[in-house]
Amino acid sequence: MKLTVTLPTHSYDLTIETGALDKIGTWVRSLWQPQRVAIITDETVNKLYGAAVEKELQAAGFETSLIAVAAGEQSKSLETAQLLYDFLAEQQLTRSDGLIALGGGVVGDLAGFVASTYMRGIHFLQVPTTLLAQVDSSIGGKTAVNTKKAKNLVGTFAQPDGVLIDPNTLKTLEPRRVREGIAEIVKSAAIADVELWHRLSSLENEQDLVAHAEEIITACCKIKRDVVEEDELDLGLRLILNFGHTIGHALENTAGYGVIAHGEGVSLGMIQITQVAEQQGLSPLGTTQELVTMLEKFHLPVTTDRWSEERLYQAITHDKKTRGGQIKIIVLEKIGQAKIVSLPTEEIRAFLNREGGI
């Protein structure tokens, strides 16, 4: 399956194909003429796919270099970015060369950020190997690193030249990482595709979803593609993709990056904000329970004891969606349809402190 992301200044294809990683050299050659390619990956993915990917690229005539960062959210930092800048400079990569992000969401965000800022921008490709990255973070051009203050606080918009998605990589993914991706899939269905929601309802568990991965990934990529085409720079409609993310990011930040996985934070965030939305009359009664039922089926968390009102308030008010004393909150009008509401930041405390918090 091939989907095209069509934007005013740059368009590119999403290639979704089981076994596609085995033909990565041919794919890259169809997109690029540069002879030198740097691969950024993490230590876990490198052990699984690094050598094979380099071999395929070299067979296609590319000169390759590879660097593997530590696996995990802690690598998504300015300090790691500096190490990567130094590596690219040592390899004498220029703006006529290219970079490949091979890995999950952390690698994709980090490598995309580095590619967009090294020498004021070099060409790059996304090759996501986790379910979360395949259905969400590899598409749309958002790149970022974290700081101590907030997740994704420093970043750019930079579109790749292409995205290669091979569902076979899910076979080597540990169950917790599969569930992370499922949280983003549930989010996508909840905000924009009731038919996908019904399809997810028909699946028995995580294993059943992975067995239908190409179908599910394609559906999510279509949602992301359509939203990004309408709002590339996150000024309006694209904000709906952040459903559950404001509180989710805050939970990740306050717990310490890596303690609560991104998908787990999103799961908790969707429940929390929907409980609030029901109380405010913004979402129909029973919507929270529909989410709980779906998320629990896939063994995603819906409650947590990691709830510090003050630290969460500080993290939320540093969120990128806070502008002019207002924060944009995404709520469900119904399953399959989201809307954006503005909330004064001073009201966040009342939300966090309400009776029955998560």
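Positions of Cβ are set from backbone N, Cα and C atoms, glycine also.
Under the heading NAD(+) binding site, Swiss-Prot lists Gly105, Val106, Val107, Gly108, Asp109, Thr129, Thr130, Lys142, Lys151, Thr169, Leu170, Lys171, Thr172, citing sequence analysis as support. Secondary structure from DSSP puts Gly105 (NAD(+) binding site) in a helix. Gly105 (NAD(+) binding site) is surrounded by 25 other CB atoms, counting those within 10 A of its CB over all protein chains shown.
Taken from Swiss-Prot, the feature Zn(2+) binding site covers Glu184, His245, His262. For Glu184 (Zn(2+) binding site), the same-chain residues that are 6 or more apart in sequence and have a Cβ closer than 8 Å to its Cβ are Leu131, Leu132, Val135, Asp136, Cys220, Gly263, Val266.
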Query raised in the report: Other than its own, how many Cβ atoms are within 10 Å of the Cβ belonging to Asp109 (NAD(+) binding site)?
Result: 26
Query raised in the report: Residues near the Zn(2+) site, Glu184, His245, His262 excluded, by Cβ within 8 Å of the Cβ center?
Result: Leu132, Asp136, Ser137, Glu180, Ala183, Lys187, Gly244, Gly248, Gly263, Gly265, Val266
**Report entry** His262 (Zn(2+) binding site) versus binding-site residues Gly105, Thr130, Thr172 - nearest by Cα
**Finding:** Gly105
Report summary line: Students should find that the Cα atoms of Gly105 (NAD(+) binding site) and His245 (Zn(2+) binding site) sit apart, in Å rounded to an integer, by 15
